[in-house]
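Listed features, source Swiss-Prot:
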type     : residues : note
SIGNAL   : 1-14     : signal peptide
REGION   : 47-58    : region 'Important for receptor binding'
REGION   : 61-121   : region 'Disordered'
COMPBIAS : 66-80    : compositional bias 'Polar residues'
MOTIF    : 98-119   : motif 'Nuclear localization signal'
COMPBIAS : 99-108   : compositional bias 'Basic and acidic residues'
COMPBIAS : 112-121  : compositional bias 'Basic residues'
Amino acid sequence: VGVFLLSYSVPSCGRSVEELGRRLKRAVSEHQLLHDKGKSIQDLRRRFFLHHLIAEIHTAEIRATSEVSPNSKPAPNTKNHPVRFGSDDEGKYLTQETNKVETYKEQPLKTPGKKKKGKPG
């Protein structure tokens, strides 16, 4: 035990153990900082790429119509096409009741009374 305490308090290579610990903590925090910085740069590049891609998608329809007939009227932004999701039965049943023939029966409310106690032990 005495040798351990002496070796622990004696500086190694001119540096104390506390200084080495601080250096290690600083290295870890610098590594984390660089990692976070790289992550934010990557996120910024991804956002820029998606923004550029979305801008191309929004202008693709205008470009396509202008290439086909340059003198014609541009297509309106709003379309009156009916959009359908799902089937006609969608609003009739709850998801748990799909394909059930029985109708819903109300169950009697429980009256407040004795509560079950857990088993001791």
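Each Cβ is built from the backbone N, Cα and C atoms, and glycine gets one as well.
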Inset, instruction - Determine which residues of the chain contact the region 'Important for receptor binding' (47-58) at the Cβ level, with the cut-off under 8 Å and only residues 6 or more beyond its ends counted. - result: none
Inset, instruction - Looking only at the motif 'Nuclear localization signal' (98-119), report the model's average pLDDT. - result: 62
